[in-house]
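According to TrEMBL:
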BINDING   Lys11, Phe59, Arg87, Thr93, Arg104, Asn114  ATP binding site
ACT_SITE  His117  active site, pros-phosphohistidine intermediate
Amino acid sequence: MAIETTLSILKPDAIEKNIIGKIIAKFEEKGLTPVGLRMVHLSEREAGEFYAVHAERPFFGELVEFMTRGPVVVMALRGEDAVNRNREIMGATNPADADAGTIRAEFATSIGENTVHGSDSVENAEIEVNFFFSGTNLFSR
Ligand code: DAT
Ligand code: MG
């Protein structure tokens with residue numbers, strides 16, 4: 001397996017619940033290292049562009065409203081098999097289906113307010129990391 005970089009977003013509900021540190025600790029404990037990290041309050045346009053793949057879905061309006069409700073933390077995570085590893089640590093989209101110990105099982109409120117975003121493929125990880133970070137503002141040990 002290869003060292004990959006993937007995008008994680010700690011969504012507005014995570015910031016509201018004051019659990020940024022707990023979530024980042026889970027990634028670090030499981031071998032994923034933040035190599036880029038900042039807080040941003042997305043505009044409707046940015047949230048809509050980021051989630052453009054879901055534009056035709058019935059929940060799109062709700063998703064954009066939620067993602068712009070308050071600031072988010074955007075993070076580039078690096079490590080072995082980082083794309084899949086991040087998805088495993090996050091748990092299923094619907095917290096009711098998420099395995100015990102995953103971030104969504106532990107912290108998410110609902111399928112809509114599910115605490116974290118994670119890129120779903122190596123190809124999308126590159127696009128999504130580039131959406132928020134340029135190569136020059138990623139840092140490794
Ligand atoms: P994931 O975030 O696990 O990659 P996704 O890409 O299918 O899930 O959907 C993106 C986000 O859209 C998801 O994190 C929360 C929201 N969403 C998905 N399905 C939904 C639904 N049935 N009702 C409300 N929000 C939904
Ligand atoms: Mg997705």
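Heads up, the Cβ atoms here are built off N, Cα and C, so glycines get one too.
With a CB cut-off of under 6 A applied against ligand 1, the binding-site residues Lys11, Phe59, Arg87 are reduced to Phe59. Counted within 10 Å of its Cβ, the other Cβ atoms near Arg104 (ATP binding site) come to 22, all protein chains included.
The DSSP secondary structure for Arg104 (ATP binding site) is helix. Taken residue by residue with DSSP, Phe59 (ATP binding site) is part of neither helix nor strand, so it is coil. A Cα-Cα distance of 9 Å separates His117 (active site, pros-phosphohistidine intermediate) from Thr93 (ATP binding site). In the three-state DSSP scheme, His117 (active site, pros-phosphohistidine intermediate) falls into the strand class. In this structure, Thr93 is the one among the binding-site residues Thr93, Asn114 with the smallest number of other Cβ atoms inside 10 Å of its Cβ. Ranked by how many other Cβ atoms sit within 10 Å of their Cβ, the recorded positions Lys11, Phe59, Arg87, His117 place Phe59 at the bottom.
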